[in-house]
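Report on one structure; see the data block that follows.
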Amino acid sequence: MLVVEILMKSRLSVLSLALITVCSVDSIRNLPAAALAGNQLFYYFALALLFFLLPCAIVAVWFSRQSEQGVYGWVKQGLGNQWAFIAIWFQCIQNVLIYPTLLSFIAGTLLYSISPDLVQNKSMLFLIIIFLIWSLTWINLKGIHLSSRFNSYCSITGLILPFIIILFVGLYWWITQVKPGTTVLPPAEPYSWTSLTAIILSFCGIELAAVHARDSKQGAFPKAIAISVITIFLTMLFGSIVLAMIIPPEQLNFISSIPQLIQLFFNKIGYGYFAFIINGLIAIGCIGAANNWLIAPIKGLEFAINEGFLNRQLSQVNKHNAPFRLLVAQAFCVSIISALFLIVPSINASYWIMLNAATQINLLMYLLLFISAIKIVSSKPILSKLNIMIPAYLGLAGSGITLIVSLTPPPSLAISSKLIYALLGAIFLVIMTLIPIWRRPRVLT
């Protein structure tokens, strides 16, 4: 029986909730961008853990006891309706921006399995992205039950298993290929700290698990989050190390380095045909992750619609109780943004621009989340607020610094003017912030 079918019939256990959380956040698609950090990987991952992942987990657990409305309800408690709408707006925009990168990774994995040369075919890449986003939208339009069954299968067979295989590849390579006294990891690329953007993005989304807190057994949610944090951190760290150890930095491709790694390993041991199967499983796993993220931000946006920030007709549901207008609008926006792969000369550059923009928007949402937590507990006695105040301030500092770092392009983009790049990034963030500020809640009748 599928995991979600079991979960739907009983209260969520610690392991069940941890599985949901890990499958929602953990993803191998960000490993190539993180691997550019080379021998600085441990340093950047430690910073991301201390200043982002742990603060997010602690604040999410605390907020889950305050409100069941997710990010919207959490920011609303501390900063009010207007900022709550802005926070959920950021979450939705981030989703739209990150989808083309996730779907391009799936497309790249599938194309590489057929022929490595096909990965550079932009038209083929774009068509597969369009097919995937509208197929996932159709699945979600058919209702949450079909969506959950589909997601469970994808997460178990296509995410956990390939992660184990990648870690096994690294162990095999260490034993058979690394000579004593040699340097395992290559030197970090120039401006390697821009990889911090990809590492931080790899840790985004742990707060989504809070919507399941009320469905879990008593005391299960904090334990599940603790297990999830450890699992996500270790899998992402060692996955990045494996990639950096085997594939030279100059050959890292954001959408095809993972299938390249799998192919390289199985060719080495004489079972090259297995690579096609494993890469297919990886693609399936990422489809499951994409499906998991498709409707979560929309559910949060519905809270804002119910309070009058947007037209109520947008949240209209079909006979399967799916918000079809919002789902279709999201798919339409993703389709338009994905055209960037056809416009920008380099596929890597297109991928990075969208990944970076998504991270920036996500960080703005986290800034509001941490500020809201600080404001809520600021009036409490000093001893009772330190357990939230300290991680919230750490998260605030980490998010702010990463936001500044994200305004610097990596050398691989070959941007002629870093100042213009930074200014365009800042203007983009200002515009994305002003759009929801201009909205005012309507009086509902």
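The first residue you see is number 1, and the count goes up from there.
Cβ coordinates come from backbone N, Cα and C, glycine included.
Keep in mind that TrEMBL annotations are predicted by a computer and have not been checked by a curator.
TrEMBL annotations:
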type     : residues : note
TRANSMEM : 43-63    : transmembrane segment
TRANSMEM : 83-112   : transmembrane segment
TRANSMEM : 124-141  : transmembrane segment
TRANSMEM : 153-175  : transmembrane segment
TRANSMEM : 195-213  : transmembrane segment
TRANSMEM : 225-247  : transmembrane segment
TRANSMEM : 271-294  : transmembrane segment
TRANSMEM : 322-344  : transmembrane segment
TRANSMEM : 350-374  : transmembrane segment
TRANSMEM : 386-407  : transmembrane segment
TRANSMEM : 419-438  : transmembrane segment
Winner by Cβ pairs under 8 Å against the transmembrane segment (419-438), considering only 43-63, 195-213, 271-294, 350-374: 350-374
Maximum Cβ pairs under 8 Å to the transmembrane segment (124-141) - stretch from the list 43-63, 83-112, 350-374: 83-112
Stretch of maximal Cβ-Cβ contact with the transmembrane segment (271-294) [cut-off: under 8 Å; candidates 83-112, 322-344, 350-374]: 83-112
Cβ-Cβ under 8 Å with the transmembrane segment (322-344): same-chain residues at least 6 beyond its ends: 92, 95-97, 99-100, 103-104, 122-123, 125-126, 129-130, 133-134, 137, 140-144, 294-295, 298, 301-302, 313-316, 350, 353-354
